[in-house]
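**Student:** Per TrEMBL, the feature coiled coil maps to 168-197. As annotated by TrEMBL, domain 'Histidine kinase/HSP90-like ATPase' applies to 319-411. The feature transmembrane segment is assigned by TrEMBL to 37-55, 62-80, 86-114, 121-140, 146-168.
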Amino acid sequence: MTPSTSVGGGWARRRVRSIAMEPTAVRVPPRTWRDPLLIVLALGFGLFTLAVDAPWKRHGDLVAALDVLGGVVALVALWWRTRYPVTIAAATMPLGLFASSASGVGLVMLFTLAVHRPFRVTATIAALNLATGAVYFRLYPDEELAYGWLLVMLAVFLTAIVAWGMYVRARRQLVDSLRERAERAEAEQQLRAQQARDGERARIAREMHDVLAHRISLLSMHAGALEFRPDAPPREIAQAAGVIRRSAHEALEDLREVIGVLRSDAGESAEVDAASGAPARPQPTLGDLDALLAESRAAGMRVRAEVAVGAVPAGLGRTAYRVVQEGLTNARKHADGAPVDVRLHGAPGDGLTVEVDNPAPVGAAVGASARIPGAGSGLLGLRERAQLAGGRLEHGPTQDGGFRLRVWLPWPVEAT
């Protein structure tokens, strides 16, 4: 299993991409307590302006009625301020020419624009509001304040409203940015955790296959020999049964060793068996290659070995041992009875090359070997192991119909 095929890993990647593609503009918030509060503030400011201006005293009841009607229309439109801020601001602006009660709505809409729209849009609406106020002050001059002072006061007031809205906008953008960063970090952490779990599952699969496939294939071959030779002498039957018993015992020991390694803390070596408390067996290296070849020969395989290397680093030796083990296991499964050639050569700086060849099986060997199943996961795990070591794996049929497994592994030069 690879991270790309896991459901959790796919979800985490999609979440990271979706967060990365989200725009940085301020989101339109849902309706909260702010909306009724702003409506009340706009109404209060409009009533205050209406009371101070007292249009019915200067221009009659008709102007006063129009002033109140304009304020009511502006207040109703204020309910959709966050959805259509530019449209509502532009539509309610002409009301400012005759309805002083709508002034509170104009200020709220200017604040809304500063929060939800770019500065150039807000500045344009603010300038139009200032122009509307200039016309209003010219149509309805104040008896106590000069026309110029009224314009200055209005400009300062509008500037303060815009500055307040821009501050709220910047603060919301900062909060949104921090929230997106937190969500992205959480999604990336989940992705890394899923990839780690997938890698751990792949490592478990490799270890289980490497440890058990070799033993189980030996058991299958010896059991098949007993099945096809029921009339064998009792001594041979007892000898084969002893081999089966020892192979089963070693398979259980290997399985317990793998479980102990998996249960150990990450980064610590499993020096003690997790189940029995006994010292765990060290991982096999090239120093154990002779025992592996002898075991295969004792099982009836014809193995020719050519080892042209000396001492190698422990990690390199473990990987090379697993390559030979997998090659012998595959030959036993699919070409039982055919001779197997094992070659190892290389040097520090040039790398270590491991080759396992076998010709095509002939005769009854094909039918006998067909009973040992194989899923192909061994070569897949071996390729992953080689890639983790920085090497490469090649395998496939030869010209004479046989099979060849070839792995190159880097062999660094030790510093002197």
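Note: Cβ is positioned from N, Cα and C throughout, glycine not excepted.
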**Student:** Across the domain 'Histidine kinase/HSP90-like ATPase' (319-411), what is the average pLDDT of the model, as a whole number?
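**Tutor:** Averaged over the domain 'Histidine kinase/HSP90-like ATPase' (319-411), the predicted model reaches a pLDDT of 82.
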**Student:** Looking only at residues six or more beyond either end of the transmembrane segment (121-140), which have a C-beta under 8 A from one in the stretch?
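**Tutor:** Distant contacts of the transmembrane segment (121-140): 53, 55, 58-59, 86, 89-90, 93-94, 96-98, 100, 106, 109-110, 113-114, 147, 150-151, 154-155, 158-159, 161-162, 165-166.
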**Student:** Quick one: DSSP breakdown of the domain 'Histidine kinase/HSP90-like ATPase' (319-411) into helix, strand and coil?
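**Tutor:** Reading the DSSP string over the domain 'Histidine kinase/HSP90-like ATPase' (319-411) gives 33 helix, 29 strand, 31 coil.
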